[in-house]
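S.K.: This is the structure I want to talk about, given as structure tokens.
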């Protein structure tokens, strides 16, 4: 068994070793480039997963707690954290299965990044590929949109001289520079810094809320309505559904088969950030959060808050790149530019992908409610239902199970246990996540459109303070009677 695993490892890793060993240079410039730019280790993958999993949702989870209540908010985070870790594990198993089969057929992936829809195509056929491609691309498109909306929402709390729509124009141009980052292989330093930024922000929210104390007359009435309850639940579903880029992160690793438990450990770390921060902010502000989807809106303006805002802005730029890079790959493959060696030509070819993202962020600037809508309608299928079903159908025959590169864990009951968990995920997410969650989030989303309108200039901004009119000056009248 051990020799078999080593053989699999050699097959899966071969091209990366070959690619990286060619043209190696021992000079200082090359060493610095490898240190900051070329990442393919287990640690790089962990930083990428943890950094990508918790971004702007850190600021909307207190809003979800106000909809769910404290207990349900905590339980849903733990529950969806486990479900997300399991489906990320399934995606990693299917990736290794696909890549091993292809490399045994002498297929060379040296200048080609494998993506989720290609895994589905190779294992299950074109119909699965088309469905996976449609859901994955739409989710990543709106995931990028959400990052742009979050940038505008956050910077407004530092500088409100410009409205949020104008800030969206500005940050759309800034985020377009991600076209110059070749692949996830080159996110090493960004992933590391991104996780430091979210760690600071999470603990700032926690400590600042505790020091602030509860506002006068604070109320914790959640859950009060079913619509709000399932809207909050689907935002948490979205929070732990960040593994739509799992395949691209795995492909950037030297040894992709070591990814199996990385997402679980990333989730455990993320929970140490999300649980304390969301609980503390909800404890301090209670039902006020129902009308303030961004936690920064309720915390007092000071140097620590401004620093957290700046860090989150940088992190959202990084997360925009995470969400958009797979879309760049799909577009490159569509127009025949994916294997082009000129990064400048590839960057120019990628620019059209940013335009619809920019436009959608201006149409739907509903920071918070849009997360739940994307979570229920897209995340539920993209990273929960489709991977679970794909694993069942890939290994439905006894021959496929016997030849599988990776066997399910023994402590979970091998194939019977794995298929049982998969079936539970499909049923639960379809009914609760997509069904009730879709109903609730769409009602809430339509309510935002009715209240604020499409293309709203400044979503949830406080009304402008009207300057009091100057006192009316009366001309001096001489009341002295002339004699």
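Using N, Cα and C of the backbone, Cβ positions are placed for all residues, glycine too.
Predicted automatically and left uncurated, TrEMBL annotations should be read as such.
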S.K.: In TrEMBL, which of 307-331, 457-481 is labelled transmembrane segment?
M.R.: 307-331
S.K.: According to TrEMBL, which of these ranges is transmembrane segment: 110-128, 167-185?
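M.R.: Among 110-128, 167-185, the range TrEMBL annotates as transmembrane segment is 167-185.
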S.K.: Decide whether the stretches the transmembrane segment (74-96) and the transmembrane segment (351-368) have at least 3 CB pairs under 8 angstroms, with pairs required to be 6 or more apart in sequence.
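M.R.: The answer is no, given that the two segments have fewer than 3 Cβ pairs within the 8 Å cut-off.
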S.K.: Mark yes when the transmembrane segment (133-155) and the transmembrane segment (307-331) have three or more Cβ pairs under 8 Å (sequence separation 6 or more) and no when they do not.
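M.R.: Per Cβ check, the transmembrane segment (307-331) touches the transmembrane segment (133-155).
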S.K.: Given a Cβ distance threshold of under 8 angstroms, which distant residues of the chain, six or more beyond its ends, lie next to the transmembrane segment (374-394)?
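M.R.: Sequence-distant neighbours of the transmembrane segment (374-394): 83-84, 87-88, 90-91, 93-94, 97, 120, 123-124, 128, 131-132, 135-136, 138-139, 142-143, 146, 234-239, 241-244, 400, 418-419, 421-423, 425-426, 429-430, 433-434, 437-438, 440-442.
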